[in-house]
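Participant: I have a structure here, written as structure tokens, and I will follow up with some questions on it.
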Amino acid sequence: MNNNSRNNENRSTINRNKRQLQQAKEKNENIHIPRYIRNQPWYYKDTPKEQEGKKPGNDDTSTAEGGEKSDYLVHHRQKAKGGALDIDNNSEPKIGMGIKDEFKLIRPQKMSVRDSHSLSFCRNCGEAGHKEKDCMEKPRKMQKLVPDLNSQKNNGTVLVRATDDDWDSRKDRWYGYSGKEYNELISKWERDKRNKIKGKDKSQTDETLWDTDEEIELMKLELYKDSVGSLKKDDADNSQLYRTSTRLREDKAAYLNDINSTESNYDPKSRLYKTETLGAVDEKSKMFRRHLTGEGLKLNELNQFARSHAKEMGIRDEIEDKEKVQHVLVANPTKYEYLKKKREQEETKQPKIVSIGDLEARKVDGTKQSEEQRNHLKDLYG
């Protein structure tokens, strides 16, 4: 029985596969496309009118009444419909359709004075007969009351964003943006810039400028030109006047000193001139080494102390020893910091000077115990 049931199942699967292959050949379909790609989703809106009566989620695709075979992958075809963008080729730039940021005015229904107490228009949709908390419409974020200029009583009208925009327009990051405030800010900046240029000191023109030789001569004479152009004495009283900064021609860059010398003392990478105060040349590597400062100097001193302490303890570099790890600075930084600090304190600590009189025996000072106190202590402690 089991073998017969298996054979029947195999025959049914073979027949079903043959049937599907035959249908795919007739409809010119690719049988290797999975079902979740071939089937149209339930929310797909571009189904042809001939297929409206049929559920789009079926595997089989119907043919049109005229005999044409419909595209079973129509929901994967990108077509420009209803003003949508054609994004088949994303490598080419395309101009968008723009954002329609429009509003529509919703005026409340006219009501009598008698009904105005019991009825009020909705601030959300603008209709009368219910309040905003009872409104069944979708809550709108952009709500605004604007005066109605056409009305004599100046009744308010509700300004609501238009809802006929497509999804791309509503989800755009610039949706609802108005550049009016930014334009006003830019115009204010331009006005301030023009006023600043107009109010700038006009005396600073080409006539007040002079060459470098004249500047050096004026500095040697302790004179300088003020904002008007007249010469002033260089003293503390006239220090607030206009004065230009100058640089003497005798000044020259430090790297120019190496032009006629065989050695180059200027380091272009660090832009420093090699001097004895900055560092020295290493004899082994023939490289210029800067003097250590700050934490680098402290680490170097601590490393030297660790090396000397290891030699005192009998540790040698050429001999392999398990205890060598205990005398490495990297493995024991806190230990050597403590030892170095302790040794410095011992060196700076002055020996205490004790006189001979302090070491001599002295007579005991104090109150002598009475016989009664001795007997009492003897009874307590035996």
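Positions of Cβ are set from backbone N, Cα and C atoms, glycine also.
So Swiss-Prot has the following annotated:
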type: COMPBIAS; residues: 1-15; note: compositional bias 'Low complexity'
type: COMPBIAS; residues: 46-58; note: compositional bias 'Basic and acidic residues'
type: MOD_RES; residues: SER120; note: phosphoserine
type: MOD_RES; residues: THR212; note: phosphothreonine
type: REGION; residues: 1-72; note: region 'Disordered'
type: REGION; residues: 200-224; note: region 'Interaction with PRP8'
type: REGION; residues: 362-382; note: region 'Disordered'
type: ZN_FING; residues: 120-137; note: zinc finger
Participant: Please report, as numbers and ranges, the same-chain residues at least 6 past the borders of the compositional bias 'Low complexity' (1-15) whose CB is under 8 Å from any CB of it.
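Facilitator: The answer is none.
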Participant: For a three-state summary based on DSSP, what are the helix, strand and coil counts in the region 'Disordered' (362-382)?
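Facilitator: Taking the region 'Disordered' (362-382) as a whole: 11 helix, 0 strand, 10 coil.
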Participant: Using DSSP, break the compositional bias 'Low complexity' (1-15) down into helix, strand and coil residues and give each count.
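Facilitator: Its residues divide into 14 helix, 0 strand, 1 coil.
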Participant: Quick check on the zinc finger (120-137): DSSP residue counts for helix, strand, coil, in that order please.
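Facilitator: Its residues fall into 3 helix, 2 strand, 13 coil.
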